[in-house]
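Remarks on the structure that follows.
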């Protein structure tokens, strides 16, 4: 075994206290999501004739349950629980996603023209949210066994053969998630995590240049394979083209310009909400974006709703809390002496920050909207429970790390 490789801790390692700062920051974000599930759902409850507290009570139940789960998992012995839980998620939810297209409509809920949700008594479950946790652990576990010990200086062909099985596995994930579930956003998220984890698994720069080029080609291919994605790209381009084409020669700009394409409805209202919020916001409960302008303001556009009511100051607070959560996770990752734990916690940190960036860039028009939930904040049980379980596993691992 390579002498530079981080050693695996023995099962007799003395366990320390979990990272309570991480737990507190994540819990505060969950409590904020409960508050805004009430504030931002005013129009929706009227439209569907629900009780005023319909979404609030549901989010409060899931949120408090998520905090409890994080606390319980923080007490786990990571040498006994992290691997079986994570690998069970990887296998179980992978199989569920495979069979979902063939299940009767009474057992699944369609979204975006595909079966993405499993109907269970009292709630629906999105398997891909939980699969991501298992996927990250599988990469960490497998990289530790097969990739990390290999020398950095290898022939390009040998290096590609080394990681070829991971490309094959990821292509299967792409087929299931992007084509069967029509959820390109989750594929982009998992692909980015795979790419960066490989960087930390001791691979060469020439390999990453090749991988990045192949990833761009694959991404373009996935967009061209679905007409609805082409429309989304055109809609996004129509909104940002003026600021980009102004730097190009007139002849080239005219060729690239899309004329008479309607401005994206959702992004337009999202930007209006952000603008209306100003520095200090309109006040809690006083925003207007939730009054029928956006049907999903408490879910995918929760950041726009929060920014309108709390202003830039409130948004900065959210960014600070998310940043602090990721900082604590990366601090745990950096101090792990177990290579699997190091890569896994790094992957969870990347999952949280990439999800936040993809959503925030999408609602501001910087990139096309991908439908990725805001970690801890978006309304919805699956996204909140899954990220809480992920943080719970990190908290468990933090018991093996000296953070002082």
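Using N, Cα and C of the backbone, Cβ positions are placed for all residues, glycine too.
Only residues 6 or more beyond the boundaries of the transmembrane segment (20-43), in the same chain, are considered here, and those with a CB under 8 A from a CB of the stretch are 52-56, 58-60, 63-64, 66-67, 70-71, 74, 284-285, 287, 290-292, 297-298, 302, 305-306, 309, 318, 321-322, 324-325, 328-329, 332, 375-379, 384, 388, 391, 394-395, 398. According to TrEMBL, the transmembrane segment annotation covers 20-43 (among others).
Residues 23, 26-27, 30-31, 33-34, 37-38, 41, 44-45, 81, 123, 298, 379, 381, 384-385, 388-389, 391-393, 395-396 of the same chain lie 6 or more positions beyond the ends of the transmembrane segment (55-73) yet place their CB under 8 Å from a CB of it. What TrEMBL lists as transmembrane segment is 55-73 (among others).
Annotation comment: TrEMBL describes 85-103 (among others) as transmembrane segment. If one looks beyond the transmembrane segment (85-103) by at least 6 residues along the same chain, the residues whose Cβ comes under 8 Å of a Cβ in the stretch are 114-116, 118, 127-128, 130-131, 133-138, 141, 176-177, 180-181, 344, 389, 393.
Packing against the transmembrane segment (123-140) from elsewhere in the chain are residues 58, 82-83, 86-94, 96-97, 100, 109, 116-117, 166, 173, 177, 181, 183, 186, 189-190, 193-194, 197, 339-344, 347-348, 351, 373, 380-383, 385-387, 389-390, 393: each is 6 or more residues past its ends and has a CB under 8 Å from a CB in it. The feature transmembrane segment is assigned by TrEMBL to 123-140 (among others).
What TrEMBL lists as transmembrane segment is 161-178 (among others).
Per TrEMBL, the feature transmembrane segment maps to 184-201 (among others).
Taken from TrEMBL, the feature transmembrane segment covers 208-230 (among others).
Per TrEMBL, the feature transmembrane segment maps to 310-330 (among others). Sequence-distant contacts of the transmembrane segment (310-330), counting only residues of its own chain at least 6 positions beyond either end whose CB sits under 8 Å from a CB of the stretch, comprise 19, 21-22, 25-26, 28-29, 32, 277-282, 284, 303, 345-346, 348-349, 352-353, 356, 375-377, 391, 394.
Summarising the annotation, TrEMBL assigns transmembrane segment to 342-364 (among others).
Outside the transmembrane segment (376-397), and at least 6 residues removed from its termini, the chain residues within Cβ reach (under 8 Å) are 18-19, 22-23, 26, 29-30, 32-33, 36-37, 41, 55, 58-59, 62-63, 65-67, 69-78, 81-82, 85-86, 117, 123-126, 129-130, 132-133, 298-300, 302-303, 306, 318, 322, 325, 329, 332, 336, 338, 341, 344-345, 348, 351-352, 359. TrEMBL lists 376-397 (among others) with the feature transmembrane segment.
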